[in-house]
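Chemist: Below is one structure. I have some questions about it.
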Amino acid sequence: MSAFYNFGVPFEPFGASHFWAVAFFIAALLLIIWMTPKLSYEINLKLTRVFSGILFITVTWWTLIHIWFDRFSLAKDLPLSICNLFALIAPVLFWFPRKNMFEIIYFFVLSGTLQAIFTPDAGAAFPSYSYFKYWIVHCGLVVVVIHHLIAFQMYPTRRGMLYSFGWLNIYLLCLVPINLLLSANYFYLMSKPITPSILDFFGPWPYYIIVTEGLVMIFFALAYLPIFLVRKLYLRHTKID
């Protein structure tokens with residue numbers, strides 16, 4: 001049990017524990033893609049609520065553990081990253097299917113969380129609770145979003161992509177005074193993460209932020225691409241029929 005609450009051993013990106021986490025994520029995602037169309041609307045609604053509850057409990061329990069062990073820091077541990085924030089309020093976001101809200105969630109999660117899965121900043125190594133929290137939150141959000149997309153057929157639009165980009169920048173502007181007040185680095189607005197990440201290729205501060213702004217739209221477009229292709233194929237098939 002002590003290893004479960006040991007946060008002192010740093011996570012090693014691209015090691016065995018990273019590989020198995022990604023492998024489990026891919027297996028869970030494929031299972032959801034295969035299973036969801038076979039289930040009724042009511043069952044899928046219950047399933048997405050269970051997923052939402054798991055995400056909420058995971059972040060809440062992690063916060064309580066850090067407070068109990070006197071490890072909680074306002075500068076590091078507030079749920080202000082997109083992943084932690086969405087996980088904490090997941091029951092609100094996913095309890096009922098709402099297309100306008102889902103579009104923002106879709107672009108944010110698929111653009112940011114996938115990068116966090118393949119170039120992680122997990123903090124602590126396996127088998128600590130921080131390790132499990134990181135992977136449950138990041139992988140879980142992607143699974144919930146894909147499940148929501150398939151189960152309730154709420155397909156994002158190009159307008160939703162621009163709408164999401166606008167809300168993202170509003171949120172980032174709100175984080176700047178919080179970072180300054182707490183001497184924090186939420187959303188890596190003040191400096192890059194310590195562990196290797198995609199930001200290392202974009203130059204020093206503040207240039208990596210400017211580059212990332214452009215890349216966000218590219219990631220949003222890539223997230224929209226499967227939706228665009230499916231619509232194209234559907235329209236072509238409809239015309240042929």
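Keep in mind that glycine also has a Cβ here, set from the backbone N, Cα and C atoms.
Those TrEMBL annotations? Automatic predictions, nothing curated.
The annotation transmembrane segment is assigned in TrEMBL to 17-35, 47-67, 79-97, 104-126, 132-155, 167-187, 207-230.
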Chemist: Looking at the stretches 47-67, 79-97, 132-155, 207-230, which one shares the most CB pairs under 8 Å with the transmembrane segment (17-35)?
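Modeler: Against the transmembrane segment (17-35), the leading stretch is 132-155.
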Chemist: Of the listed stretches (132-155, 167-187, 207-230), which one yields the highest count of Cβ-Cβ distances below 8 Å with the transmembrane segment (79-97)?
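Modeler: Ranked by Cβ pairs under 8 Å, first place goes to 132-155.
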Chemist: Who are the long-range neighbours of the transmembrane segment (167-187) in its own chain, taking Cβ under 8 Å and residues 6 or more past its ends?
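Modeler: Hits for the transmembrane segment (167-187): 74-76, 78, 80-82, 104, 108, 213, 216.
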